[in-house]
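See below for the structure under consideration.
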Amino acid sequence: MTGPVAVLIGPMAAGKTSVGRALAARLGVPFADLDALIVQEAGRTIPDIFADEGEPAFREREARSLVRAVAHQRGVLSLGGGAPMHAGAASTLRDLPVVLLEIDEETVARRLAHGVGRPMLSGEDPMARWRELAAARAETYRGLATHRIDAALGSPDRVALAIIDALQLQRPARPQEETE
């Protein structure tokens, strides 16, 4: 198989980046975050791209970056919450192991309280906006996913282990595991 060993999708604040890093570390493979790749390619932050170019232009940039990432990434790839919504995402992700990280509202509320720059959640009521986006995107996420994992299982490492089990991936033994 070519392409990533796992592609993580899901709503904002589901932990795709943290879980992706943990999963890649467990598997001993590279990790790439699509949002970070976009920032690197553009030389600007995502909020700056949204402000300067608008959401439609950002989504086109995101779709092009997704095609490149899938073609070149051989490890774990995490996508931004809106990336799967682009019309070409389904064909780009076809035949890849796509893991939907599902998350409950209470966990998201705790995570959003830390206030990370998320342009899609700017405004008076970030949780109301999160609910709206999550509901609008849920069917697409489920349609693309080959596996669904509860992202509130615990630490990113624990969620990564659940993904390894679900995808039946091989992972190198860690010293503490060899003696157990």
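Here the Cβ of each residue, glycine as well, is placed from N, Cα and C on the backbone.
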Quick one: which of D35, D104 does TrEMBL put in the substrate site with R59, G81, R137? D35
Between K16 (ATP binding site) and G81 (substrate binding site), what is the CA-CA distance rounded to a whole number of Å? 9
For A13 (ATP binding site), which of the listed binding-site residues (D35, R59, G81, R137) have their CA atom within 10 A of its CA? G81
Taking only the residues the record lists as binding substrate, namely D35, R59, G81, R137, what is the largest Cα to Cα distance between any two of them, in Å to the nearest whole number? 18
Find the shortest Cα-Cα separation between G15 (ATP binding site) and the binding-site residues D35, R59, G81, R137, and name the residue that gives it. G81
When you rank D35, R59, G81 by Cα distance to A14 (ATP binding site), which of the binding-site residues ends up on top as the closest? G81
One should report the C-alpha separation between R59 (substrate binding site) and T17 (ATP binding site), rounded to whole angstrom, as 19
